[in-house]
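> Dumping the structure here so I can ask a few things about it.
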Amino acid sequence: MKNYKIITLLLIISILFNIIRSNKISLKDSDSGSNGNQDIQILINDILNNCSSSESSSCFGTQWGVVADIYTPSNGEFTNIFSLNELQAFTPASNTKLFTTISIFYTFGEDFKVFTPFFTDKPFNSVSGGSSNSELDFICVKGMGDPSMSIDNLIEAAKFFSSNPTMKKVNKLLLDTSFYNIGNGVDGNIPSAWEWEDLTSTYGSIPTPLIINENTMDIYITPSNVIGGKPTASFKYSGEDKYLPVIILATTTTTSNSSTSTLNYSFKMSSQSIYITGNCDINGGIQIITVPILDPEQYFLTVFSALLEDGGVEISQTAIGSCNYTGMDYKSFEVISPELSEMLNYTLLTSNNLYAETFLRQMGTFNSAASESTPTYQAGLEYIQQTLSIPTSLYTQVDGSGLSRNNFITPKSLITVIENVYTNVGDPQHDYISYLPVASLSGTLSKRFINTPASGIVHAKTGSMTGVNSLTGVILPNGLSDDQQNSIFFSIIANNSPAQNTDIIDIIDQIVILLTKFILSS
C-alpha cells in the first residue's frame, strides 16, 4: 500500500510538472518580448531533443548548428533569438553557393553578361564571306566562362559561317581555353576537392572556359524488337557519335506488366567509351539518358566541326590554340549570355553547381590582386573572402558550389552574409533575396512548407547531400516590398545524420515554421 501511494504521488507530480511546463512554453500571440524569445528557445530545443533523444530516434547522433536573428528596421538592429553551435564549422552542401552568388552579385552587377567571341583571320559575314570568299585560315573560339551557352548557339554559329554558298573550307578550327589559369594539375579544370563519382554525374559537370549545354549530352536508347536483343544508341546532334562511343551491355526485356527499364551508365577511367547496362522494356519506347561530358574541349571541336561540315564547310584541322595572338584577328560572330540577374535566379532556384563554379572562376579572372601563378578558382576564393570580409576563422571554402565535403562553414557566417545582402543599400529592392527559392512556390522549396504559415514568405537556399542538410534564409511576413516589417533571418545545418534526408528536412521545416509563427505573432 505504501508503494502504491508513492507511485500515485509521483504520477501526480509528473502531471503537474508537464502542465506547468506546457504553459511555460506555449507561444502566446501577444508575447514578443524577452519572454517570447525564451519560449522560442525552449520550443526549438524541444524539437531537436525529441529528434535526438534516443538511439531509436530518426536523427540520433546528428550534429546541429542553428542560429536565428530578428531584424528590427526601426533601429536597424539584429537581435539573436536562438543560437546553437553558431561558431562551429559544418559541411553546408549547397548553402556554400550563398558565398559565391552574393559575391558576384555585389561586384559584377545584375546587368553583367558574358560574351563568347568567334574570331577569323579576315573580315567575314554571312553575305559576302569576306575578302576571300571560299576559304578561311582559321575560326578561333575563345571560351569566356558562359555557363548558359547551348548547342543551339553552336548551330546558329555554324549556320552563320556556312550560309554563304561560296564558303567551302576552314583550315583550322581552334578553341582557346586560356581564360582560366588552371595551374599545374593533370586537369586543372576539375575541382581538386571533387570525387570521381561527382564528375561522372550530371550534377558534377566540369566547369571549363567553354561550356555547351552545361557540359552534358543526351543518349537516346531504343529497345530491340526482339526480347533478349541489345538496344541501340543514337544521338540528336552531328558529331556526338564520334565524340562518345557507346558500348551496350543492356538487354531488351519481356513485355510483362512487371517489366521495367533499369538502364544505367558508367565510365571507365582507361576508356573513352560509355557503358550502358541494365534492362530496356521492349514496349517502353525510346529512353533518354543524360550524361556528363568529361572532355568538353574535344566535344566542342568534334561537334562544331561536324555542324560546319553539315553546312558544306570542310574543316581540315581542329586543335586547342590561341585567339587574337597577332592582334589582327577579326571578331566575326559572338554569343551573348543572359544578364547575371537571370543566371543568378536560375542558379539559386535549381541549385546548379556548374553555374556556381563558373561564377567563382569569373571572379578569379577579375581578381587583380592574385598572382599570375594562382589558379583561377583559387583567385576566385580569395576574391570572395575580400568581398564578404568574413573572418577566415569562421569558414573554409574550397569550391564555388558546395559539392565538396571539404567546405566547412559556420552558421554564423551564413546568416551574416544573408543579413548583409538584405540590408545592402545598393540593393534597395532586395533583388538578391528575390532570386532565392520561395517556400511552397519555387525552386528547391516548391514542395516544402505547403499549406503552412511559411508558404510564400520564406526565401531561403537549400543544401543537401548524404548526411548533410541545410537551409539559410529570411522570413518576410509582408513580402519583399515592406521595408518597415520585422523579419527573421536563420541558418540551420545538420551534419552526420544517420536518417533519411526527408526526416532531417522535416525537423528543419518544423523549426522554420515555428520561427514563422513567432514573427507573425509579434
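Positions of Cβ are set from backbone N, Cα and C atoms, glycine also.
In case it's useful when we look at the structure, here is the feature table from Swiss-Prot:
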type	residues	note
ACT_SITE	SER94	active site, acyl-ester intermediate
ACT_SITE	LYS97	active site, proton acceptor
ACT_SITE	SER351	active site
BINDING	LYS461	substrate binding site
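Help me understand the surroundings of these features in the structure.
DSSP assigns SER94 (active site, acyl-ester intermediate) to a helix.
In the structure as shown, the Cβ atom of LYS97 (active site, proton acceptor) sits within 10 Å of 30 other Cβ atoms.
Cβ-based neighbour count (10 Å, all protein chains) for SER351 (active site) stands at 22.
Under DSSP, LYS461 (substrate binding site) is assigned to a strand (E or B) in the three-state scheme. Less than 8 angstroms from the CB of LYS461 (substrate binding site) sit SER94, ASN95, LYS97, LEU98, LEU348, SER351, LEU436, PRO437, LEU471, THR472, GLY473, each of them six or more residues away in the same chain.
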